[in-house]
Amino acid sequence: MLQVYLVRHGETQWNAERRIQGQSDSPLTAKGEQQARQVAERARTLGITHIIASDLGRTQQTARIIADACGCDIILDPRLRELDMGVLEKRHVDSLTDEEEGWRRTLVNGTEDGRIPDGESMQELSVRVQAALADCLKLPEGSRPLLVSHGIALGCLVSTILGLPAYAERRLRLRNCSISRIDYQESPWLASGWVVEMAGDISHLDAPALDELQR
């Protein structure tokens, strides 16, 4: 059975400011660095063999802290990037017009073809993150990879494993530096293939960040 751990990056400056990041970037805050150190301490006990991270700066920062704790190198994979949020990137959530808020909601409220202008659909996101996950099956036997990615990207991945469409209404909250686990297995009791063992665990964090869109 292959176990794959999933970690969202630590809190960033734009998370704290409630700005839309997408594939734009901002650095980790001091709190985000502390979250990364705390999830790294947990990861150190899990027998992690590979760290695979989105190539955006905030995930690289988080991955470096985890990799140092686990004694692993980092493999960068752009397929693990966050959803491209198009023309809304860098905008403050509270500054959106009604029309712009409508664009954002089509992504997370179950609209199949929803996308922000110049951005990416949830289905396109799903295809690339699923491909990145599938490549974990090519790792040597006995591997235990940890993927460092983003809130919407990881939420989409876990939700589709549970059988929801990529564009389903968002019902899974993955806070900064939460940890999830998915397993690939053959089982007489569960569906064969990927199953969700744990999602969004923050028990290792002393002060988890709020979801920036829920404040």
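Note: Cβ is positioned from N, Cα and C throughout, glycine not excepted.
As recorded in Swiss-Prot, the features of this protein are as follows:
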{"type": "BINDING", "residues": "8-15, 21-22, Arg58, 82-85, 104-105, 151-152", "note": "substrate binding site"}
{"type": "ACT_SITE", "residues": "His9", "note": "active site, tele-phosphohistidine intermediate"}
{"type": "ACT_SITE", "residues": "Glu82", "note": "active site, proton donor/acceptor"}
{"type": "SITE", "residues": "His150", "note": "site 'Transition state stabilizer'"}
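For His9 (active site, tele-phosphohistidine intermediate), the spatially nearest entry among the recorded positions Arg104, His150, Ile152 is His150, judged by CA separation.
Annotation for Arg8 (substrate binding site): spatial neighbours Val148, Ser149, His150, Gly151, Leu154, Leu174, Arg175, Asn176, Cys177, Ser178, criterion Cβ-Cβ under 8 Å with sequence separation of six or more. Among the listed recorded positions, namely His9, Arg104, His150, the Cβ with the most fellow Cβ atoms inside 10 Å is that of His9.
For Gly22 (substrate binding site), the count of additional Cβ atoms within 10 Å of its Cβ stands at 24 [all protein chains shown]. Other Cβ atoms within 10 Å of the Cβ of Ile152 (substrate binding site), summed over all protein chains shown, number 21. Cα-Cα distance from Ile152 (substrate binding site) to the residue listed as 'active site, proton donor/acceptor': 7 Å (rounded to the nearest whole number). Following the DSSP three-state reduction, the secondary structure of Glu11 (substrate binding site) is coil.
Under 8 Å, Cβ to Cβ, and six or more positions away along its own chain, Leu83 (substrate binding site) finds Gly22, Gln23, Leu107, Gly119, Glu120, Met122, Leu125, His150, Ile152, Ala153, Cys156.
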